[in-house]
Every structure is written in C-alpha cells, then in structure tokens.
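Chemist: I am attaching a structure below and will ask some questions about it afterwards.
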Amino acid sequence: MNISIVKIGGNVIDDPQKLDEFLLLFSRLEGKKILVHGGGVMASKFGSSLGIEPKMVDGRRITDADTLDVVTMVYAGLINKKIVAKLQQFEQNAMGFTGADGNLIRSAKRPVKDIDYGFVGDVKEINTELMEVLLEKDVVPVFSAITHDRKGNLLNTNADTIASEIATSMSVKHTVRLYFCFNKAGVLIDENNDDSLVPKINEDIYDELKRDNVIHSGMIPKLDNAFSALHKGVSNVWLGKAENLILASKGKKSGTNIERHRYDLY
C-alpha cells in the first residue's frame, strides 16, 4: 500500500487556528496516512507554569522524572486527544496512540555518554503488523512523542525520530512518503527569510551548511532523521510549511526535498 507519514511540529500545534487549518489539509491527503506530533512548545509552557523549566541541548530536551510527567500529560493527553477529536470532525477515523499502546513503538533508554538526556528513548522496534492492521481498517493513527521500554517505563522520544522510524519500518513492504511539517518554508539560508529556501538538499550540502552554522539547533536532528529515512528505503522525504502539505504530496514545488545524489548548492 501507499502510505504518507506526516510529522507536525510544536510551533503549529501551539497555534489553534494553524493547527485546525493543517488538520483540514491532512484530512484531504489521499491514501493511507499516519500522523506524528510533537508539542514541545506547549510542554515547555505547561512545565514552566508548574515550576519545571525546560532544559535543552542541541535542540533535544533533557527529560528528568518531573519533565517526563509533564510531557506525557501534554503530548499523550491534551494535544493528542484534541488532534484526534478535530480529525474526527473532518470525518477521519483517527485513533490516538503512545508507543506503549499495543506495543506499537518499543524504545530503550538512551545510555549516558557525553550528555545524560534522562528518560529519553531511542526507538528499537516498530510493531508494523499491528500498524498494517490499523491502516487496512482505515484507521488514521495519531502518535504522540511518548514510547515505552516494555519494562513498565514511559520514555520521551523525539517526534521526528518516531516519524522517521515508522517510515523506515513500513517501507520494507510498502511505498512510503515522509513529510516534516512545521512553521518554516523548509531549509533556509537565512532562517528569517522564506525567499532563502533551499529547494533540495543532499548530505554534502547539509554538512556544508552545518559547518557554516546555517543549520543548527533543532534542525540538525530533523535533517538527521530525514536522511536516515531516505537511506533506509523511504521513497520521498520533504520538509516545509504545514500549509504546503497537499502541494508537496502532488509533487509541486514547495519546501525542501531531501535527496541522495550529489550536486553543488550554488
């Protein structure tokens, strides 16, 4: 089957109007589809209101026990169920999940190397068999960024990574397209200027832009996941504004396409 896996970022989720507009577009996306959402902006706000300030390293959240409680409540509870309810309004048979539900996504707690990320999970296994059953029944799975280790522990897991790993696992038997939707036009030379869009990027250009600090912080794990998915069998990987999802799905020019072959940026 043809499957679209879409990840939506926290900046869009934090804006109710933009989120509603995106979910309407997502509902119009043809074929089987899976939605993965973050929610870091909202989690940080909720945490701060409880006196739990966010700690970030290179765009990744440090998750202590209190922070894990916050992100579980916000991601798997408030955000996930609002998204599911809105998709149901748009006549999508959406169902919300964490990785613990049906053992859909098993992770392992990230080992401490240079940085102790706390209760952060690295994805180890995707239950593709159950995922296929859901899709065949025309269910639209909606995943929050919470997984588990099958030892009774929940783990905070990067939503970009979840989307990439689901896409990679499903691509073994199916044709999969992966879309990273957020509030930027795509990869930008000047992050404040959408006209500086890089329409296509390969790993040579990616490395060059990282060296020049054009790409930094949260864009690094996003692009790492994008290239990983492409190399592991995902057909197409795209990054761009949430409102351009349908254009991207039809192959029209918008956003940044992730590519394997080599060429120069200029």
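Using the three backbone atoms N, Cα and C, a Cβ is placed for every residue, glycine included.
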Chemist: Based on TrEMBL, name the residue from Arg28, Arg60, Arg61, Arg177 that is recorded for the same substrate site as Gly39, Gly40, Asn156.
Modeler: Arg61
Chemist: How many Å separate the Cα atoms of Lys222 (site 'Transition state stabilizer') and Gly39 (substrate binding site)?
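Modeler: Between the alpha carbons of Lys222 (site 'Transition state stabilizer') and Gly39 (substrate binding site) there are 15 Å.
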Chemist: Taking every protein chain in this structure into account, which of the recorded positions Lys7, Arg61, Lys222 has the most other Cβ atoms within 10 Å of its Cβ?
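Modeler: Highest number of other Cβ atoms within 10 Å: Lys7.
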Chemist: What's the CA-CA gap between Arg61 (substrate binding site) and Lys7 (site 'Transition state stabilizer') in angstrom, rounded?
Modeler: 18
